[in-house]
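Engineer: Sharing a structure here in structure tokens format.
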Amino acid sequence: MEESTKKYENQHIEGNLHNSSDTTLDSINSDNKLKSILIKQKNKCEKRWILWNVFVISIAFMIHFTAYMGTSNLQSSVNAVQGLGTMSLMTTYVFMSLSSIFLPVILIKWLGCKWTLVVSLVAYMPYIVAQIYAKFYTLIPAAMVVGLGAGPLWCAQCVHVTLLAEVYAEINEVPLSTVLAQFFGIFFMLFQTGEINPNFERPSDEKIYIVAAIYLACMIFACLLIAFGVVFIKRFAMKEKTNSSKGVSGIQLLVVTLKLLRNSKLLFLLPFTVWMGIQQVFRGADFTADYVSCAWGISNIGYVLICYGITNSIASLVTGYLVKLTGRLLMVLSAAIVQFAIFITLYFWIPTYGSVIFFIISGVWGITDAICLVQIS
């Protein structure tokens, strides 16, 4: 009797332990499922805010540079006396080159990417105000300030978009290079839409003040858009803090940059980047003046540039997705070959009034420029 009682008690205890372990496992599984759901929801929310930040920055740049490029494109005609306009542009690019070496590291480390963008955008505003009373002692100092702001601006933009792409790639578990191409494609698609609304002709002197006021309002709006539109993302902030803590001085950065010249791949890219600059200058000056204006009239330059802007904007987005299929090298080399073919065509072609070839060349040029810009960035 006692043996049967003990046996019953042991079975009862074992049964309770088994039920208890099952309950514990069920509780652990339930907690894991809950954690998994919460992580997915958090990741989904972060992805949404990452894309929001990319679009906000892209739209802000599009608005800002629609105003700035609209002003700079008129410098050689509006401020033609003693080459004031041309000299102001030259001053801008000289100071931009200098500021790119020293200022970006310092500003990003002190202010972070977001507020570096805001401060740098503000640096462009005196140049717009100087158009109201354009003299050497107003326009040249304003151009210096633009140059000092341009270096940190573009550096902060690249760093910000790259860090957003890193977080997005981690969440989706996809290659960073793919996300970078897509994000820069989105950025340049919106950025290049500024080309869709160019100046058809030089505005009258009475309208310059109004245009300057409108452009200044656009720049202020772009600053406010980044200041209040770019949202805080914890994982992004941690990456930004980690990267800024590794910051180096301007001299150290210059030394590191010079050491990179030992890299054969980078040396191969240098002539290509120079070529990109030369062909863009040719398109903006010689193609519009010596081909479109002479053969068809200055009033039609805007239509040809609109064609360039549309194809450039669309291609900037598409190339970010096509690179997964073709690879970056094949895409860039193909674009370079097509651009070379465009220049051969321009050398032999005799333009005629109203020719559709103006739009074909401009459209194809926009596509190749977008490919090079997105993939090299």
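The backbone N, Cα and C atoms fix where each Cβ goes, and this holds for glycine too.
On a predicted model such as this, the values are computed, not experimentally measured, just so you know.
Under the heading transmembrane segment, TrEMBL lists 49-70, 90-108, 115-134, 140-164, 176-196, 208-233, 266-282, 302-323, 330-350, 356-376.
What does the local environment look like for each feature on the list?
Structural biologist: Same-chain neighbours of the transmembrane segment (49-70): 117, 121, 124, 127-128, 157, 160-161, 164, 167-168, 183, 186-187, 189-191, 193-195, 197-199, 211, 214-216, 218-219, 221-223, 225-226, 229-231, 233, 236, counting only residues six or more beyond its ends whose CB sits under 8 Å from a CB of the stretch.
Long-range neighbours of the transmembrane segment (208-233) within the same chain, counting only residues 6 or more positions beyond its ends whose Cβ lies under 8 Å from a Cβ of the stretch, are 46, 49-50, 52-53, 56-57, 59-61, 63-64, 66-68, 70-71, 78, 114-115, 117-118, 121-122, 124-125, 128-129, 131-132, 167.
Residues 260, 332, 336, 339, 343, 369, 372-373, 376 of the same chain lie 6+ residues outside the transmembrane segment (266-282) yet bring a C-beta within less than 8 angstroms of a C-beta in it.
Taking Cβ pairs closer than 8 Å, the transmembrane segment (330-350) reaches residues 272, 275, 279, 287, 291, 319, 322-323, 357, 361, 364-365, 367-369, 371-372, 375-376 in its own chain, all 6 or more past its ends.
Remote same-chain partners of the transmembrane segment (356-376), defined as residues 6 or more beyond its termini with a Cβ less than 8 Å from a stretch Cβ, comprise 181, 184-185, 188, 192, 195, 269, 272-273, 276, 279-280, 283, 287, 291-292, 296, 300, 303-305, 307-316, 319-320, 323, 328, 331-332, 334-336, 338-339, 342, 345-346, 349.
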Engineer: When each of 90-108, 115-134, 176-196, 302-323 is checked against the transmembrane segment (140-164) for Cβ pairs under 8 Å, which one has the most?
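Structural biologist: If we count Cβ pairs closer than 8 Å to the transmembrane segment (140-164), 90-108 scores highest.
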Engineer: Using a Cβ cut-off of under 8 Å, list the residues of the same chain at least 6 residues beyond the transmembrane segment (115-134) that approach it.
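Structural biologist: Residues 57, 60, 64, 67-68, 71, 78-79, 84-85, 88, 92, 104, 107-108, 141-143, 145-146, 148-150, 152-153, 156-157, 160, 208-209, 212, 215-216, 219-220, 222-223, 226-227, 230.
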